[in-house]
Amino acid sequence: MEKQEKLSLIDAVALGVGIIIGASIFSLIGVDIQIAGRNLPEAFLLSGIVALGIAYSYAKLGTIITSNAGPIEYALHAFGDNVFIGFLATIYWISYVVSIALFAFTFSSYLLGALGLEKNWLLHSVTNATIISIFTALNFKGAKSVGNAETVLVFLKLFILFLLITAGLVALKVEKLVPDLSQEGLRKLVTAATLTLLSYAGFGVITNASENIENPKRNVPLAIYLSLLISLIVYLLISIVAVGATEIGNVVKYKDYALAVIARPLLGDLGFYLVSFGALVSTLSALNSALYGGANVAYALAKKGELPRVFERKVWFGEPEGLFITAILGFLLSVSLNIEGIAELTTFSIIIVYLAVIASHWKLRKYTNGNSFIISLSIIAVSLMSANLLYYTYITNEKAFWTSVVAILASVAFEIVYRGFTGRGFSKRASEWYRRARGIRKSNHKSS
């Protein structure tokens, strides 16, 4: 892999914002508004606050552990090498696979919706396969090509969202923004907040790039907080426009490409097609990142022994087989579940990783000077969201519920069997704080 220059604070914030404000706002705004109704802005605010609590643990751990393995490295230092770490590593990879499915589904929904062909399942499948194949091929050209494509796509999507927000604020009807504070309204708000948590998921990518960031002890936590706050403001503005400047019923009717439907009364047909184009650009950007990240995670886990060696074996064009396995599984999920099911599975896999990071921070809090109250609140909030998501998925989408359950059980079973047969596991990347804490002399330690 070619040597890369270090990322500045601005670069790291741009990376975080670009990933956070990705395809999920285009993918999930229709589902979110269907659940939350006029409580959508409050749902985004609640999930944003919870995301800041999660980010607190990422930021604090990032000051003592600098590793591109991110959450897996945190959990490894906290709990040691065991079955749980292997299970977490597998779930972490699965989160990339289901993200690929989400982004491919969204791309085909907006493209076919713009063409009036959104109800054709065969065209959906062909479009999903085509776009995943194209970006799998792009990964053949390496990190530089992926990075160059990402930069262009991020600027385009942010510009289009800015146009939509500006037009929406001009047409805003404030009376539509009065929240529903009934018991049912509050229940739906919390449920929607659980799903909108997915919209903030990208900040973790900053920790995955921490080894490539200038002065990581300062810039990693700062970049996480800044990128989250910027994204929270953008999401609040979009949700305010969605509720206060459009008809909710019409948005829900076309929820698979809802943001384009929101744009039509504000910007006319030109706005519909412009936002559809923005959605295509955004999902391409996110799909690009998810494929690249998923392949790298699979390769790294295989190198460490937590996935079979088939994932690191080089095949076509010198790329690891993990890239192709990740892409194929993403495609299969994209044609097996609807948008709600994919979103729920994606959110649940990410929540598991979040819980592991927060629990790791609790275990290591004396090394990070972490605030026990904030960590405890985060554990409670994310645990409740996880339980709420499982319940909601069970009563509304049993297929997605059982897919989640099977994925969890299969990951645990796979880890037990694979570890038992191979005897392989993770080794820590020992940082200075860890050596001091354990009394390990640097000269006698082997890091991975």
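Heads up, the Cβ atoms here are built off N, Cα and C, so glycines get one too.
Keep in mind that TrEMBL annotations are predicted by a computer and have not been checked by a curator.
Here's what TrEMBL has on this protein:
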TRANSMEM  12-31  transmembrane segment
TRANSMEM  43-61  transmembrane segment
TRANSMEM  82-115  transmembrane segment
TRANSMEM  121-140  transmembrane segment
TRANSMEM  152-172  transmembrane segment
TRANSMEM  192-210  transmembrane segment
TRANSMEM  222-245  transmembrane segment
TRANSMEM  272-301  transmembrane segment
TRANSMEM  322-339  transmembrane segment
TRANSMEM  345-362  transmembrane segment
TRANSMEM  374-394  transmembrane segment
TRANSMEM  400-421  transmembrane segment
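Against the transmembrane segment (152-172), stretch 222-245 shows more Cβ pairs under 8 Å than any other of 12-31, 121-140, 222-245, 400-421. Long-range contacts of the transmembrane segment (82-115) within its own chain (CB-CB distance under 8 A, at least 6 residues past either end) are made by residues 22-24, 26-27, 71-72, 75-76, 123-124, 127-128, 131-132, 254, 256-257, 260, 272-273, 276, 279-280, 283-284, 286-287, 290-291, 293-294, 297-298, 301, 304, 306-307, 326-327, 329-334, 337, 339, 342-343, 345-346, 349-350, 352-353, 356, 407-408, 411-412, 414-416, 418-419, 425-426.
Contact between the transmembrane segment (192-210) and the transmembrane segment (322-339) does not hold: fewer than three of their C-beta pairs are under 8 Å, each pair 6 or more apart in sequence.
Tallying C-beta pairs under 8 angstroms between the transmembrane segment (43-61) and each of 12-31, 322-339, 374-394 places 374-394 first. Highest Cβ pair count under 8 Å relative to the transmembrane segment (12-31), across stretches 121-140, 322-339, 345-362, 400-421: 322-339. Of the candidate ranges 121-140, 345-362, 374-394, 121-140 contributes the most Cβ pairs within a distance under 8 Å of the transmembrane segment (322-339). For the transmembrane segment (374-394), same-chain residues at least 6 beyond its ends with a Cβ under 8 Å from one of its own Cβ atoms are 50, 53-54, 56-57, 190-191, 193-195, 197, 341, 344, 347-348, 351-352, 354-355, 358-359, 361-362, 365, 400-401, 404.
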